[in-house]
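Data first, discussion second: the structure below is written as structure tokens.
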Amino acid sequence: MKSAFLDRIHSPDRPVLVFDGAMGTNLQVQNLTAADFGGAEYEGCNEYLVHTKPEAVATVHRAFYEAGADVVETDTFGGTPLVLAEYDLADQSYYLNKAAAELAKAVAAEFSTPEKPRFVAGSMGPGTKLPTLGHVDYDSLKDAYVVQVRGLYDGGVDLLLVETCQDVLQIKAALNAIEQVFAEKGDRLPLMVSVTMETMGTMLVGTEMAAALAILEPYPIDILGLNCATGPDLMKEHVKYLSEHSPFVVSCIPNAGLPENVGGQAFYRLTPMELQMSLMHFIEDLGVQVIGGCCGTRPDHIKALADIAKDLQPKQRQPHYEPSAASIYSTQTYAQENSFLIIGERLNASGSKKCRDLLNAEDWDSLVSLAKSQVKEGAQILDVNVDYVGRDGVRDMKELASRLVNNVTLPLMLDSTEWQKMEAGLKVAGGKCILNSTNYEDGEERFYKVLEIAKEYGAGIVIGTIDEDGMGRTADKKFEIAKRAYEAAIAFGIPATEIFFDPLALPISTGIEEDRENGKATVDAIRRIRQELPDCHILLGVSNVSFGLNPAARQVLNSIFLHECMQVGMDAAIVSANKILPLAKIDPEQQQVCLDLIYDRREFEGERCTYDPLTKLTTLFEGKTTKRDKSGDANLPVEERLKRHIIDGERLGLEEALNEALKLYAPLDIINIYLLDGMKVVGELFGSGQMQLPFVLQSAQTMKAAVAFLEPHMDKDDSADNAKGTFLIATVKGDVHDIGKNLVDIILSNNGYRVVNLGIKQPVENIIEAYKKHRPDCIAMSGLLVKSTAFMKENLEVFNQEGITVPVILGGAALTPKFVHQDCQNTYKGQVIYGKDAFADLHFMDKLMPAKNSHNWDDFQGFLGEYATENGHNVTTDDGAKTNFGIEEEKLIDASEQSREPEVIDTVRSEAVDPDLERPVPPFWGTKILQSSDISLDEVFPLLDLQALFVGQWQFRKPREQSREEYEQFLAEKVHPILAEWKGKVMAENLLHPTVVYGYFPCQSQGNTLLIYDPELVSQNNGQIPPDATAIAKFEFPRQKSGRRLCIADFFASKESGITDVFPLQAVTVGEIATEYARKLFAGDNYTDYLYFHGMAVQMAEALAEWTHQRIRQELGFGHLDPDNIRDLLQQRYQGSRYSFGYPACPNMQDQYTQLELLQTERIGLYMDESEQVYPEQSTTAIISYHPAAKYFSA
């Protein structure tokens, strides 16, 4: 391959190459019309512009070349037939890609010079379907990419760029499509892959950066980096990892920051200079050699990058890649320090009756559970074998592997004697797998076929020591086969580090003479392979060695044999990890007998055997069974035990420890020194992500119990004056949400503070009265609703009038640091602090009180003296300008830049919404109530959004240092049992009263307005709206100002059409009983149960809404189109959409009064007060459109 691009990037001066900016952003500023796209049906299909308006695309290319870009990308991001099919343009894919490449090359020729050649990258986006989630099969995706690559290649691009990758299986399909076209053409082009890491730190399907590198490392790509989703700040850690570990050139093409919704449009704040400074660091310190811009970047951004690129030298990198397997989530390195790679053996239909029975029953869920159990036992890779006579193994492998990929975090070893089955697994498993296995038993054809698919899918390979004459039984024969296979595999292009030799552990337990040497032969073969082929790995199926023995004897013999093999170089084994014993736990006599058996140390007198270790081993284990080890806890000093009680949230034995401590210390000393020290550790663990919130609350409950036990032993003065400070907290007027406020109460009160908790819906008068009574050191206001933030600001104005100046903490989901530190701080004379979470409040108080006590706090200036200089804790800067508390200031939009022109209301119906579709007939007109007796919770539980419950409500968040595998194991072992327990409790004690009112109202649209008519009127008129009918209600909806120009009214038949359409409405609640029971738990200091139940009630209300919407779809006749899994349901992959007032598509909360009036929700005890708060708290409402084009959007 001759490539001017590679010559340039690998030239001695190691230049930094600059890619262009955002194609979409810079097409939008041209204000293209539907006609420019070739008609309304193609509007939004940027790829079609190379045919309908090529000058628009050429303008973008020229602007970026003029700015100094070295490379522009073709306008083919969505250029596969699969994506173009959404516009009925699938058959144009080859032509559009070729035309786009030729267009970009023509513009490049206008700018290219010998000193600064210009290049064109063929852009290949991710498409709209993720193969790992089953949206599209691997072969279809690969075939679609083949068409695109042919067009780009024939159009003359200089390199191919697979970009914005969200799914590693999608990347493999693209890369293998590219390789197919290269084989057709007899030549290659440079390859670049750019993955997209979302704000949560992984790709969309959950892949970590290390896993992405492990998966892509086997492929012949030239550049690997990141683009899209975030700005450069959130890319830093990923780029750093690539810098240190990737063998490829590193690229970084960020957005201009994170997008924000400003006036209904995506707005990117990062300025050209800010982008320039960030990428300058990446070049000089991390060795990045390819830079550019993604969403929101304009020519001025690219000019800023080009200005620095010509003068900067990338840091010389010395990357070290550790050979690894990977799931779609995380990596597993092959090398294990002082141990071996554990490959779980129980998911094997050839060797496990349990697995075979489950496979025959096609009980896929139980097979997945069997896999998960091996994760708990310590397996690091899962061996997956579905070989069973009479079954369709290709289908079985696809079915099982596709489930394992999304449910188990370990890499897979696909195990079969037939390569077709292994490939079936590779087509659904996007991680880096290992193939088990190939050998020469059927000659070289099958041997090379397995190598071929290993190379194609980037997999490791197990090679058994078997040739055309059968299994190698002697050490010499085993090594001879290994050496032959090694030379062939290396010549084929398989790296030595990806080869696992299996020298075959054959039974030594049969008593057959020719089997006596099997153990020694295997050990000797391992030693020789390790010495002469040192870069390869050596794997064994250990349990074969003990075939036929008593289970207890097998466990010991397997453990001793494993140890012997490790000593001479074995580094991987297929075993049940929980069935291997450490040598220290094996009786010395048993050890010796096993060694004698492995090395065939029988003793003879003449021909008579006087000592047979096999016989001895059988005798030693006669009647014995396997036993599990139970270890006791160490005895700790009472001081340390008290601390551990708090940290572990363990109340068992607490009173005994406290009684012991009372003999040595005063009660206050026990609290202030040892118990609070434990709570301090809890706070540190929570802050570093090592402890989840529910466990923090367990610690708080234990702390509360300890203090309650000690109080009778205290003097009255001690009990009254012990508080570190006083903290006043309230949820503001009109807001019933108290979970966040109560968590602050729990954390502060159990860290030595006196907390005055006023409760929910507190008007400012109550807060002021409480202030005057308790004289708190700090006031905190909480609220979940957007409207609550306005009340907070109003309250601050009243505080000023009342002369209140103490620091005020504001907390709640609707708040942002910018609103607190700009709007609210400018309102209040004292200091305003953004309360990110309960521990942020605690940290502030822990600094405030000693500062006040040492006269280093001023209500107007904030911290003074030494306290004002501690990093992250300043409330004011040195010059007195107000800033935040430990949070980096946000960039603000210059108001003068915003448009001041009067708004013209657009009421023209969107052409993106098809008006000609069959309108359903509802089963009834009007409303219907479903009481608790009509609703089975067993039908609602499966619709729980577990991500929202576990992470959002219960706050079981994955710590950054925890692997995906460890996190999933934690959820399986700790969190799912909690959910199961609460499901049972809710059912047994009738703690939720699910109630629904829903209905169907006749409607028609008129511009941006939806007209609602009397259901009785339509019922009396044969289901039709009379022409002279008067609407009983109207809803006015906003319209998008650009793009598809959607408005909710567009989804319904127009008044002009005369068609009667259907407007479904719903309101659901789990009842006031949920609110009352949550209050009871909190009042009883049952903090953890309070968190669990409150969170579950909130999410059950959401699940009930999903259940009701599902019922409506079924009643309207298209429920059969629903997906068959909860994930797709929650991602709105059904027909139509559900909207709630207050959100961008229908923002007017006043309309909810009308909705509740139509549904007459007071009949189920659901209402909304004057502050627009719905009661009971755990309730939701929604309006529904059944139109296929209806999805969430911002207007």
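Residue 1 is the first one shown; counting continues down the chain.
From the backbone N, Cα and C atoms, a Cβ is placed for every residue, glycine too.
According to Swiss-Prot, the feature Zn(2+) binding site maps to C228, C294, C295, an assignment based on sequence analysis. What Swiss-Prot lists as methylcob(III)alamin binding site is G734, D735, V736, H737, D738, S782, A838. As annotated by Swiss-Prot, S-adenosyl-L-methionine binding site applies to D945, R1138, Y1192, F1193, with the evidence given as similarity to another entry. Residues or ranges marked as domain 'Hcy-binding' in Swiss-Prot: 1-309. Positions annotated as domain 'Pterin-binding' by Swiss-Prot, on the basis of sequence analysis: 340-599. Per Swiss-Prot, the feature domain 'B12-binding N-terminal' maps to 629-722; the stated evidence is sequence analysis. Feature annotation from Swiss-Prot assigns domain 'B12-binding' to 724-859; the stated evidence is sequence analysis. Look at Swiss-Prot and you will find 896-1195 tagged as domain 'AdoMet activation', backed by sequence analysis.
Features per Swiss-Prot, on structure.
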| residue | record | Cβ contacts under 8 Å, 6 or more apart |
| --- | --- | --- |
| C228 | Zn(2+) binding site | E163, T164, S194, T196, I253, P254, N255, C294, C295 |
| H737 | methylcob(III)alamin binding site | T731, I760, S782, G783, L784, L785, G812, E1177 |
| D738 | methylcob(III)alamin binding site | T731, G759, I760, S782 |
| A838 | methylcob(III)alamin binding site | G740, L743, V744, I746, I747, L748 |
| R1138 | S-adenosyl-L-methionine binding site | Q1066, A1105, H1109, A1182, I1183, I1184 |
| F1193 | S-adenosyl-L-methionine binding site | Q1040, R1044, L1046, P1144, A1145 |
Same-chain neighbours of the Zn(2+) site, Cβ within 8 Å of the mean position of the Cβ atoms of C228, C294, C295 and not counting those residues, run in sequence order as A22, T164, T196, N227, A229, I253, P254, N255, G293, G296, T297
Quick one: what's DSSP say for H737 (methylcob(III)alamin binding site), helix, strand or coil? coil
In terms of DSSP three-state secondary structure, what is the assignment for C295 (Zn(2+) binding site)? coil
Listed in sequence order, the residues of the same chain lying six or more positions from Y1192 (S-adenosyl-L-methionine binding site) whose CB sits under 8 Å from its CB are Q1132, S1137, Y1139, A1145
Entry from the binding-site residues list C294, C295 having the most other CB atoms no farther than 10 A: C294
A correct count of other C-beta atoms within 10 Å of the C-beta of D945 (S-adenosyl-L-methionine binding site) gives 18
Restricting to the domain 'B12-binding' (724-859), what is the model's mean pLDDT? 89
For D735 (methylcob(III)alamin binding site), just count the other CB atoms lying within 10 A of its CB, please. 27
With the S-adenosyl-L-methionine site defined by the record as D945, R1138, Y1192, F1193, how many Å span the farthest pair of C-alpha atoms? 21
Cα-Cα, D735 (methylcob(III)alamin binding site) versus D945 (S-adenosyl-L-methionine binding site), nearest Å, comes out at 24
Look up D945 (S-adenosyl-L-methionine binding site) in the DSSP assignment and report helix, strand or coil. coil
How many Å separate the Cα atoms of G734 (methylcob(III)alamin binding site) and D945 (S-adenosyl-L-methionine binding site)? 27
Around S782 (methylcob(III)alamin binding site), how many other C-beta atoms are within 10 angstroms of its C-beta? 28
According to DSSP, collapsed to three classes, what secondary structure does S782 (methylcob(III)alamin binding site) have? strand
